[in-house]
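Enquirer: So TrEMBL says this about it:
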- 33-419: domain 'Major facilitator superfamily (MFS) profile' (DOMAIN)
- 71-92: transmembrane segment (TRANSMEM)
- 99-118: transmembrane segment (TRANSMEM)
- 158-181: transmembrane segment (TRANSMEM)
- 187-205: transmembrane segment (TRANSMEM)
- 239-260: transmembrane segment (TRANSMEM)
- 272-294: transmembrane segment (TRANSMEM)
- 306-323: transmembrane segment (TRANSMEM)
- 329-352: transmembrane segment (TRANSMEM)
- 364-387: transmembrane segment (TRANSMEM)
- 393-413: transmembrane segment (TRANSMEM)
Amino acid sequence: MVEYRPLQEGVLVFTPRSRTRRPAPLSGPARTTVVLLFAAWFIDYADRLVINLVLPSIGDEFDLSHSRQGLVVSVFFVAYAVCQIPGGILADRFGGRRMALWALAAWTVFTALTGLAWSFAALLVMRVLFGLAQGVFPPAATKTLVERSRPQERMRANGLILSSNSLAAVFTPLAVAPLVAAFGWRSAYISVAALGVFVYTAMRLRLPAPLTEQRETHSATPAPTRTADTRALLRWGMLWRFAVMMFGYSLIIWGLSSWAPTYLHDERGLELSSAGALMAIPALAAALATVLGGTLVDGMGGRHRTIVVPAMSVAALALPAMAHASGVALFIVLSTVAVFAAALCYMPIMAVPIRGLSAQHMGVASAVLVFGGQLAGVIAPTVMGLLADAFSFQVAFAFLALGAVLTGAAACLTPQDTAAFLATADERVRAAAHATASTATHSTEKELT
């Protein structure tokens, strides 16, 4: 059970009561939305992971150095990051469903076209277009969930949805590596694009309508007010501190997922199928850690620092040790420890903003957070490729420990609860959050009577 208590300036904050009941099941619209967004995020992440598994084959076909291979990965993230905030603005303006469906359709087309690339230049163009399309999806997906769920169920729902990323990291190598071995790297893109068509159809036909109160709030907000709110969110320094935490977390995740398969193939002499199977182990650990992190942070009332600082301290120790592992088995064990510790922080990083902000601001706010993560996706593959060429893979992997240090430091400079977080916001943002919390209080009281 959740208690809503008033604090300064009329802000309501979620706090757990001393004796809590087991959380109520997700509402019907939220359950359906979770299933569909889980499938969409699974395909989204699988599409992105394919490049890490086929990179050695692409490098051989187009005769690419490690630096150029890193560029193939990073150009996607440049386009992806550029689209985050515009995507959030579009989601707030036109609705999450419309923009999520558009993004899913567009990236599915560009996934298929990537499999038809005929040169290094053509591959870069397809990767940029793919990134532009996928970049719209995260804020649109978050907006879609918020429009169809109550505040008290969003963290649990979001944790379930985003566990799809880690599960995709488990299953994609197991499915793609044998496919590439049998039919070549291009077949992987065509196959994943076919799955995207199926998920698009399911989302278009089965996604529930927004909850009544969310629909009314959005329709009652005039365009000039939405523009002013967007400016206020983008100028909100505290929100950007959470984006810094997301940057550090993503530096670790994208650095490892981008280069670990190539490292195992080039430096340890493993077949691509074996490398993919081994990297499924840390990916499975990440899936469990993502769900566990959401559960823990809910039990702590959103107090992220208690989780983030210890977990990132473990990651900061495991990453340099992993870089100097004497054998493949120890490399996998230490990478699993590092990934589990980092993934445990994902939902805690998101907790305070998602619990505190209203639906009408969620598109832009989530875009700011995801932008931080995707900026790390731009930097990690390219810098690691340069370090691997100039020095060694040991130096490249040790570089990722900076992400753990940065996330832990930023966690110490951000509020621990929604009240302190919203106290730093623009008045319009606080007022909208107050209205959302009031609606949630009314809904909770109805459930308990």
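Yeah, the Cβs are placed from backbone N, Cα and C, and that goes for glycine too.
Each of the listed features needs to be described in terms of its position in the shown structure.
Expert: Sequence-distant contacts of the transmembrane segment (99-118), counting only residues of its own chain at least 6 positions beyond either end whose CB sits under 8 Å from a CB of the stretch, comprise 40, 43-44, 47, 87, 90-91, 126-127, 129-130, 132-137, 139-141, 143-144, 185-190, 192-193, 196-197, 199-200, 203-204.
With a cut-off of 8 Å between Cβ atoms, the residues of this chain six or more beyond the transmembrane segment (187-205) that come close are 36, 39-40, 42-43, 46-47, 50, 53-54, 100-101, 104-105, 107-109, 111-112, 114-115, 176, 179-180.
Note on the transmembrane segment (239-260): residues 49, 52, 70, 73, 77, 169, 233, 275, 279, 282, 286, 308, 312, 315, 319, 335, 338-339, 342-343, 345-346, 349-350, 352-353, 365, 368-377, 379-381, 384-385, 388, 393, 396-397, 399-400, 402-408, 410-411, 413-414 of its chain, located 6 or more positions outside it, place their CB under 8 angstroms from a CB of the stretch.
Same-chain residues lying 6+ beyond the ends of the transmembrane segment (329-352) with a Cβ under 8 Å from its Cβ atoms: 155, 158-159, 162, 166, 242, 245-246, 249, 252-253, 256, 260, 264, 268, 278, 281-283, 285-290, 292-294, 296-298, 302, 304, 307-308, 311-312, 314-315, 318-319, 321-322, 369, 400, 403-404, 407, 411, 414-418, 421.
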Enquirer: How about long-range neighbours of the transmembrane segment (364-387): same chain, 6 or more residues beyond its ends, C-beta under 8 Å?
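Expert: Result: 66-71, 73-74, 76-78, 80-81, 84-85, 87-89, 91-92, 135, 138-139, 142-143, 229-230, 233-234, 239-240, 242-251, 254-255, 258-259, 349-350, 353-354, 357, 395-397, 399-400, 403.
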Enquirer: Quickly jot the same-chain residues contacting the transmembrane segment (306-323) by Cβ under 8 Å, restricted to those at least six beyond its ends, or write none.
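Expert: That would be 245, 248, 252, 293, 296-297, 300, 331, 334-335, 337-338, 341-342, 344-345, 348-349, 393-398, 400-401, 403-405, 407-408, 411-412.
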